């Protein structure tokens, strides 16, 4: 038995919401049940804890899903051990679960010892197999030969230079022309062919990215220390995995597949109490298709969450490098392939950041200035998937909005070229070395719960487009435009794409809660930069990733609808599994429990400046309050206590500035 994934089987949404309404102040007695007539109130009983296991039977090539109810047995009765009860066990036919790091290591060792591969590398001038890097990739699905009846891996090969330096960029020399197919279940090479001899690219003198002392370069010397201090400590409070900051509160979770998960997001709105915004926020899938039709690049369309696991590929963060300031770290715990426990220390980072100006206004007549600095709470983690790094961030702001951000960095996935060869589907970055064009797509699953009490299903989604008023008596100057709203009434109607020309965005509204002007309260999804797949409709990778065809999907919440391409995208032969199949039910969305699936991406045309390591690229979106509050929730942020001048620190007035001291002489003369 191989344990692919062991996670908490999350309780029902209303149970979680009810529990957090109890644990997070201010307490709301309307959510409690009376113990007896006229007696005290108490929260509903929490359910027993359950674990959900994805198990792969290596002997039979079968995948099963187990739900185990956990119960503790007293030491005197059972020797201090814990006992579990199997709640359910189901075999899932015709699937392959995600790959594991143990399998990857075994695959690399197998290939490097395979005699025909050793001979093929000798033809390319490499006899030391310690220089060779074998990156196992999932095969995707291109035909019956990739069916899940076999567990397959198709490695990419790279080679370091003769220096064998551990600090060297090993991805700088791709090995082209060698075809290897590995049976990952039996750990056997089942196909091998040296199809096309391509010489190894010569060592690029600019290939390394480590400190100057290790790459023969010179690091800049004009950087002064930048210190971020919080002498009185941070403003957030943490109790286990429950976080309170300013008026925000939520819970931090982590899974092997999604990585960071934000649970039960709510805002403490004074006399209106703790108001729910979202039940669960996470990144559930990531797809990276390449635009080069040549072998092996056309097969590069990794599902980094579903085939590998974003959380499983996370790594420890370092204070002062990955995060600055007063840091709260959360560890992440996993079961490995054999069932043992592994811990990634300092996996999730949480800290406060200064974010420039929050708001500002100066009265030009009096010179009175009011300005507030913005501060945000950031929760994040980083993962490494082969050559690329991805940072996933959730930012919480004092004005009530939430920002989701992905930071892309790492090393390009390269190809080798012959001396007389040229390809327009990539960028030549060094002699014999080129980087194919590709795209990075991310899917955020936003399980919203705007202004809903536990058990309520009172949300709807409205699309907003800006419309130019037709010329006529109502628009005599041809300058009028307005916001037109369209209710997304059903799931098929709610397959939408971004449109910058109409400033398109979407609002999740509560159908029963109103603000002071009589409008429904809501939160809007504001897109950032985005794209759609640059591939024909018959592209093979779109069989498994049909959810990429639209930027927004909206579904009615169902407990088992968690991943846009289905739970097992690895070698998946079924077309359009997941979101495209679920929405065919065309469930009504006028007033229900809605889930938003936002698909956003980056089209990467590599630059020379992306080599040898790519500077961070940012992409994401925002969730902004839209009629949720009666006025700006940031108006009560207090002024800063001090300002920093060139000659040091001097006190600033507690409220604005004096009316005459700051008035400019020219303005004073006019007055």
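Here the Cβ of each residue, glycine as well, is placed from N, Cα and C on the backbone.
According to TrEMBL:
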type	residues	note
ACT_SITE	304	active site, proton acceptor
ACT_SITE	388	active site, schiff-base intermediate with substrate
DOMAIN	97-200	domain 'Copper amine oxidase N3-terminal'
DOMAIN	228-634	domain 'Copper amine oxidase catalytic'
MOD_RES	388	2',4',5'-topaquinone
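Counting residue by residue with DSSP, the domain 'Copper amine oxidase N3-terminal' (97-200) contains 31 helix, 26 strand, 47 coil. Across the fold, the C-alpha of the residue listed as 'active site, schiff-base intermediate with substrate' and the C-alpha of residue 304 (active site, proton acceptor) stand 10 Å from each other. There are 21 other CB atoms within 10 A of the CB of residue 304 (active site, proton acceptor), with all protein chains counted.
Each residue in the domain 'Copper amine oxidase N3-terminal' (97-200) has a pLDDT score, and their mean in this model is 94. Of all Cβ atoms in the shown protein chains, 19 besides its own fall within 10 Å of the Cβ of residue 388 (active site, schiff-base intermediate with substrate).
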